[in-house]
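Peer 1: This is the structure I want to talk about, given as structure tokens.
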Amino acid sequence: MTRSHNHSATLTTPDFDQARAEAAVRELLIAVGEDPDREGLLDTPARVARSYREIFAGLYTDPDEVLTTMFDEQHDEMVLVKDIPMYSTCEHHLVSFHGVAHVGYIPGVDGRVTGLSKLARVVDLYAKRPQVQERLTSQIADALMRKLDPRGAIVVIEAEHLCMAMRGIRKPGAVTTTSAVRGQFKTDKASRAEALDLILRK
């Protein structure tokens with residue numbers, strides 16, 4: 001099987017190795033001084049492996065495939081979906097970062113739009129893999145530009161990182177905000193300001 005080192009790519013085929021993941025979790029329990037054979041931990045390796053398969057499910061689906069459905073609505077104004085719940089995993093510590101994503105675009109000259117649920121699905125697929133927030137934000141925006149051919153795209157993610165909250169600097173409640181702007185949102189200050197006003201308005 002071929003793997004790509006391009007972070008925007010996906011694996012060619014699903015290849016989650018349940019047995020190997022279980023063995024790794026068992027070894028980790030031993031490494032921290034636990035007894036993986038005690039009652040409370042007997043099924044933990046299998047449970048953790050199954051949860052990782054779900055948490056990293058985005059590795060096995062190409063997000064571009066989600067954006068193939070288009071509708072001819074002759075719409076030429078911004079489409080924005082706010083407050084999409086988002087859960088991802090910090091690739092540096094393999095703990096969660098979670099928050100909300102705001103995703104918007106201005107349809108291209110053909111006025112075609114995609115389904116609103118597709119925007120949320122793209123967020124999920126890029127989030128469900130080892131990530132950093134900056135790359136996640138850019139990947140979503142780039143996917144919109146690549147597949148929808150819009151005049152512009154904007155993505156803002158606000159998230160709390162448990163690697164900052166529960167370890168290290170230990171600052172629970174700190175929120176990291178990242179943005180990616182493309183096309184008209186990057187070149188036209190008025191369009192960008194309108195989008196950010198809508199995103200920040202509660």
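Glycine is treated like the rest: Cβ placed from N, Cα and C.
From Swiss-Prot, here are the annotated features:
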| type | residues | note |
| --- | --- | --- |
| BINDING | Cys90, His93, Cys163 | Zn(2+) binding site |
Peer 1: For Cys163 (Zn(2+) binding site), what residues in its own chain, 6 or more apart in sequence, show a Cβ-Cβ distance under 8 Å?
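Peer 2: Within the chain, Cys163 (Zn(2+) binding site) has Cβ neighbours under 8 Å at Cys90, His92, His93, Val95, Phe97.
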Peer 1: Around the Zn(2+) site formed by Cys90, His93, Cys163, list the extra residues of the same chain whose Cβ is within 8 Å of the site's Cβ centroid.
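Peer 2: So the additional residues around the site are Thr89, Glu91, His92, Leu94, Val95, Phe97, His161, Leu162, Met164, Arg167.
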Peer 1: Would you identify which of the binding-site residues Cys90, His93 has the most other C-beta atoms lying within 10 angstroms of its C-beta?
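Peer 2: Going through Cys90, His93 one by one, the largest Cβ count within 10 Å is at Cys90.
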Peer 1: For Cys163 (Zn(2+) binding site), what is the secondary structure state per DSSP, taken as helix, strand or coil?
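Peer 2: Where Cys163 (Zn(2+) binding site) sits, the three-state DSSP reduction gives helix.
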